[in-house]
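What TrEMBL records for 23-45, 151-171, 178-196, 202-225, 237-258, 264-283, 350-370, 376-398, 405-424, 430-453, 465-485, 491-514 is transmembrane segment. Look at TrEMBL and you will find 97-519 tagged as domain 'Major facilitator superfamily (MFS) profile'.
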Amino acid sequence: MTTTVDDALEHGGEFHFFQKQMFLLLSLLSVAFTPIYVGIVFLGFTPDHRCRSPGVAELSLHCGWSPAEELNYTVPGPGPGGEASARQCRRYEVDWNQSTLSCADPLASLDTNRSRLPLGPCRDGWLYETPGSSIVTEFNLVCANSWMLDLFQSSVNVGFFIGSMSIGYIADRFGRKLCLLTTILINAASGVLMAISPTYTWMLIFRLIQGLVSKASWLIGFILITEFVGRSYRRTVGIFYQAAFTVGLLMLAGVAYALPHWRWLQFTVTLPNFCFLLYYWCIPESPRWLISQNKNAEAMRIFKHIAKKNGKSLPASLQRLRLEEETGKKLNPSFLDLVRTPQIRKHTLILMYNWFTSSVLYQGLIMHMGLAGDNIYLEFFYSALVEFPAAFMVILTIDRIGRRYPWAASNIVAGAACLASGFIPGDLQWLRIIVSCLGRMGITMAYEIVCLVNAELYPTFIRNLGVHVCSSMCDIGGIITPFLVYRLTNIWLELPLMVFAVVGLVAGGLVLLLPETKGKALPETIEEAENMQRPRKNKEKMIYLQVQKLDIPLN
């Protein structure tokens, strides 16, 4: 008797003790992925800073100045437009060791108008107002070198892009388990090496390597848990796997608060990855992959193990398993299939834009909070908490209301929140936090819904290709976002929010052009995908009329 994998899971248990155990173990991968995805907020924190001027510290000590007096007497004021870069990146060209300088107003003897005093670059480094350290303070990634912080975060997203593009082939070729353990080992080793990197260049290289393998291991964990559970549980398990990422956000805020020095923080968040190597003895290979490799006996052994763990037994009639995909003829998909026909082309372009939007707004809001927040630890924690109700709202709405309207509304809420945040006065910090949390909730919902809907809009033979191509825009967005946030804030602190608002509102409008997929079977052919927005009654009427015509007597 030939049985599908889903039929075997119905007998052996679709979501019982074994699947719950696997979900708990694999969800830890999602928790550990957080510091790599958004760790830039703490690793790359940029505190207030000013040029180091030889002789100023000695003069301040001699005159008994307070820190505020030292700043007032020795540091240039804001630039013409009020920008802080003048006082952070320029210093007075003054010899502070000369004896003619007075304590009351040391610069008065040189020129009564300070604006006429010559300014120069920070040749002797910077002084940072922080009790801890970050890659910014250690490698002086400020002023003319501030683009190097953008490059640091972009490099990890370049790694995500390359890794996620290649992981599908590698996992299909060598197996989920071997691929998972290999990426975990490389991720752990490169994370530790980054923590002890002596130079910026080495740190950048190891961060790129982490990007190459960390998202890959996260994706393999996602693939494994969805392949271990029954069909009816896959969507819910996928959403909660992403919710485990939110748990990682909360833990990261606490660990970063306790460890304000970036090397110790990087070392601490990397160490758990070595524990994941124990999964060699805890997690079996995916039986679906084994069947695809014609290793039926080994797959049956794992199914018996699953049934035993779940307190169930497999019927003796189960002798040969097959994948659902074996039914039907094989087709070779190509990228042209994603843009050849008008409706699928529209789906592809809108999905690519929405993946891009979700990444830009999600990462961008977190990065901007690190620049604009008064207490980044608390604000990071609060904004992470709203991701839990976002996940539950997705579960509650997508099967009751549908996909399209909650998805469009979440993008519009995120865009509107960004727009409103830019105009909230600084003294209404509580209101800013509430609006920011609404924006974060909106974009989190949009992110989770696009993951679900992407596969539902493509016919079977190009479904995996469609998901991979469209979701790759997520990493393209991540590459651009650091430059977008850190460069635009130099012009106006709230300018990135204005850009996010436009991007989010456009995404919400475009979603309304997509068909609703609630309650619809997945399209099997190009024709079915093209006709998704047309009511199926036409087809039913056509069949009925055909039957009626056949019933007409010939005489």
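These residue numbers are counts, starting from 1, taken along the chain as shown.
Just so you know, glycine gets a Cβ as well, placed from its N, Cα and C.
Under the criterion of 3 or more C-beta pairs below 8 Å, with sequence separation of 6 or more, the transmembrane segment (350-370) and the transmembrane segment (23-45) qualify as touching.
Mean pLDDT across the domain 'Major facilitator superfamily (MFS) profile' (97-519) comes to 88 in this model. Looking at 178-196, 264-283, 376-398, 465-485, the range that has the most CB pairs within less than 8 A of the transmembrane segment (237-258) turns out to be 376-398. Counting Cβ pairs closer than 8 Å and at least 6 residues apart in sequence, the transmembrane segment (178-196) and the transmembrane segment (264-283) reach three or more and so form a contact. Long-range neighbours of the transmembrane segment (264-283) within the same chain, counting only residues 6 or more positions beyond its ends whose Cβ lies under 8 Å from a Cβ of the stretch, are 22, 25-26, 28-29, 32, 35, 39, 42-43, 177, 180-181, 184-185, 187-188, 191-192, 194-195, 224, 252, 255-256. Scored by C-beta pairs under 8 angstroms, the transmembrane segment (430-453) has its highest count with 405-424, from the stretches 23-45, 202-225, 376-398, 405-424. Within the chain, the transmembrane segment (405-424) has long-range Cβ neighbours (under 8 A, six or more residues past its boundaries) at 354, 357, 361, 365, 393-394, 397-398, 431-432, 435-436, 438-443, 445-446, 449-450, 453, 494, 497-498, 500-509, 511-512. Long-range contacts of the transmembrane segment (376-398) within the same chain, counting only residues at least 6 positions beyond its ends with a Cβ under 8 Å from a Cβ of the stretch, are 41-42, 45, 236, 239-240, 242-243, 246, 249-250, 252-254, 256-257, 365-366, 369-370, 406, 433, 436-438, 440-442, 444-445, 448-449, 452, 518.
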